[in-house]
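J.: According to TrEMBL:
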| type | residues | note |
| --- | --- | --- |
| ACT_SITE | Asp34 | active site, proton acceptor |
| ACT_SITE | Asp172 | active site, proton donor |
| BINDING | Ser7, His65, Gly141, Tyr142, Gly143, Gly144, Asp172, Gly173, Gly174, Gly194, Ser195 | substrate binding site |
| BINDING | His32, Asp34, His65, Asp172 | divalent metal cation binding site |
Amino acid sequence: MIKIAPSILGADFGNLEREIKELEELNIEILHLDMMDGNFVPNITFGPDQIKNLRPKSKMIFDVHMMVQDPDRFIPRIAEAGADIITIHQEATTHLHRSIQLIKSTGVKAGVVLNPATPPETLQYILEDIHMVLLMTVNPGYGGQKFIPVMTEKIAKTREMISSYPIDLQVDGGINDVTAKQCIEAGANILVAGSYVFNGDKKENIRKLLGENER
Ligand SMILES: O=C(CO)[C@H](O)[C@H](O)COP(=O)(O)O
Ligand SMILES: [Fe+2]
């Protein structure tokens, strides 16, 4: 089953509670929260305190995408703030296996994110430890960028690698009605979308993202 995880970056932060309510009314189950540190990526968003404030406002799965250098510094606080799954970048931690164990020790599900240029083979020895792989389909740091076409090949390769594990394959960046279809065909089962979901009629946008996979 294909799921849409709207990225909070596309939301109107002045009306966040209303935006979240609308997503819940559309039966969206996963909220994608982009934490940026101004170091790993050239942009800053929010941290554990803001996630904690948001937690009582929603029952959705909080999927925290940490674009943070040395994520171990923040993992316990993000978990405590109410994350359900934490994804960390392979490129942002020296000891990926250790960082994954740290996430799991908090009782939260662990995911690993790969930048567009990072090959999927880097996941080979951690497949037993993770719940999700997130493939960036743009370079992280900003919403509203253009999908990198060669990423469909990487999605297919990654799907093959994880085929015997209960791992979700999520894609993030430049997802619209056209690229969503390409990603689903290649093997992705969770689509993160920011600008496409929040610009205009959310219900219609989500329907178009799901295409023939509509619930
Ligand atoms: O991780 C991200 C950026 O680094 C966001 O999740 C992503 O950009 C979503 O925005 P859009 O759908 O507009 O590309
Ligand atoms: Fe993201």
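Each residue, glycine too, has its Cβ placed from N, Cα and C.
Could you place the listed features in the three-dimensional structure?
T.: Sequence-distant neighbours of Asp34 (active site, proton acceptor) (same chain, 6+ apart, CB under 8 A from its CB) are Ser7, Ile8, Leu9, Thr45, His65, Met67, Gly143.
Taken residue by residue with DSSP, Asp172 (active site, proton donor) is part of a strand. Within 10 Å of the Cβ of Asp172 (active site, proton donor) there are 26 other Cβ atoms, across all protein chains.
Using a 10 Å Cβ-Cβ cutoff, Ser7 (substrate binding site) registers 23 neighbours.
Reduced to three states, the DSSP call for His65 (divalent metal cation binding site) is strand.
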J.: Please report the Cα separation of Gly141 (substrate binding site) and His32 (divalent metal cation binding site) in Å, rounded to an integer.
T.: 14
J.: Quick one: pull the CA-CA distance for Asp172 (active site, proton donor) versus His32 (divalent metal cation binding site), whole Å only.
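T.: Distance (Cα to Cα, whole Å): 10 Å.
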J.: Under a three-state reduction of DSSP output, how is Ser195 (substrate binding site) classified: helix, strand, or coil?
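T.: SS state of Ser195 (substrate binding site) = helix.
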J.: Reduced to three states, what secondary structure does DSSP give Ser7 (substrate binding site)?
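T.: DSSP assigns Ser7 (substrate binding site) to strand.
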J.: Inside 8 A of the center formed by the CB atoms of His32, Asp34, His65, Asp172, which other residues of the chain have their CB, for the recorded divalent metal cation site?
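T.: Other same-chain residues with Cβ inside the cutoff are Ala5, Ser7, Leu9, Leu33, Asp63, Thr87, Leu134, Val192, Gly194.
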